[in-house]
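A.B. asks: The structure is given below, and queries will be raised subsequently.
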Amino acid sequence: MREGLGPGPHGVRPVLGRAPSCPSQAGQAPLMMDEREEDADEEAWLQLRPVEPLPSQCCGSGCSPCVFDLYHRELARWEAARASKDRSLLSGEESQSCPSKLSPETFLAFCISAMDRLTEDTYHVRFALPRNCQFSLRPGQHLILRGKVDGLEIQRAYTPISPANAEGYFEVLIKCYPTGLMSRYVKSWGTGHTAFWRGPFGDFFYKANQVSASTLGSRETPPA
């Protein structure tokens, strides 16, 4: 039988137990947890960082703001939100299908209500607008279409062909090419599919009767 410990000098029997932890070790545990939380928070912010566009994402039409302008704007917004640790400063999600207004800065989703193949490589596509609203696009303006093929995001400019007073829809005429990336994307469309557009762009407008016949007649004929 194991012999117990006798009472101490003051008649109090000592209690057996674990030795107290080292104060330095006890303080390290909360510190390590704080570091892990900071690392997780930093990783979450890095996942929210805007991705720099690829050259293929620029349509090359000189639109303003360009996709690279939007990237630098979103990057500045992300840096400000990260510095203040306020995620509400970040931009929201893309709008749902059939918005009633276009945006030059944000791609919006529009639903295809009709798609006709006019020739072997040409498609007439109609996109629906809600509540019979109208964009009132002016002749000479264009929109930017965003597509994705094999994981590569691409953007191209197209001019709507629908009348400026068209209500409840807008239309585009798209010619496809055998080796075109956007052509592959367009050929995958069908009624009910969704495509993303932003715009309008362009400030060189057509105006009826802007040049009079007398003005045309006064021009000098160039030498042959």
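Glycine is no exception: its Cβ is also placed from the backbone N, Cα and C atoms.
Curation plays no part in TrEMBL annotations; they are all automatic predictions.
Quantities reported herein were computed from a predicted structural model and do not represent experimental measurements.
The region 'Disordered' annotation in TrEMBL covers 1-42. Per TrEMBL, the feature domain 'FAD-binding FR-type' maps to 105-207. Annotation comment: TrEMBL describes R156, Y158, L173, K175, M182, S183 as FAD binding site.
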A.B. asks: Using the recorded FAD site (R156, Y158, L173, K175, M182, S183) as reference, state which further residues of the same chain have their Cβ within 8 Å of the centre of those residues' Cβ atoms, listed in sequence order.
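C.D. replies: So the extra residues in range turn out to be L145, V172, I174, C176, G180, V186.
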A.B. asks: To which of the binding-site residues R156, K175 does the lowest count of other Cβ atoms within 10 Å belong?
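C.D. replies: Counting other Cβ atoms within 10 Å of each of the binding-site residues R156, K175 gives the minimum at K175.
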A.B. asks: Please identify, from the binding-site residues Y158, L173, M182, S183, the residue with the sparsest Cβ neighbourhood, meaning fewest other Cβ atoms within 10 angstroms.
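C.D. replies: Comparing Cβ neighbours within 10 Å for the binding-site residues Y158, L173, M182, S183, L173 has the fewest.
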A.B. asks: Compare all C-alpha positions of R156, Y158, L173, K175, M182, S183, the record's FAD binders, and send over the largest distance in angstrom.
C.D. replies: 13
A.B. asks: What mean pLDDT score does the domain 'FAD-binding FR-type' (105-207) have in the model?
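C.D. replies: A mean pLDDT of 90 is what the model gives the domain 'FAD-binding FR-type' (105-207).
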A.B. asks: So, by DSSP, how many helix, strand and coil residues make up the domain 'FAD-binding FR-type' (105-207)?
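C.D. replies: The counts are 10 helix, 48 strand, 45 coil.
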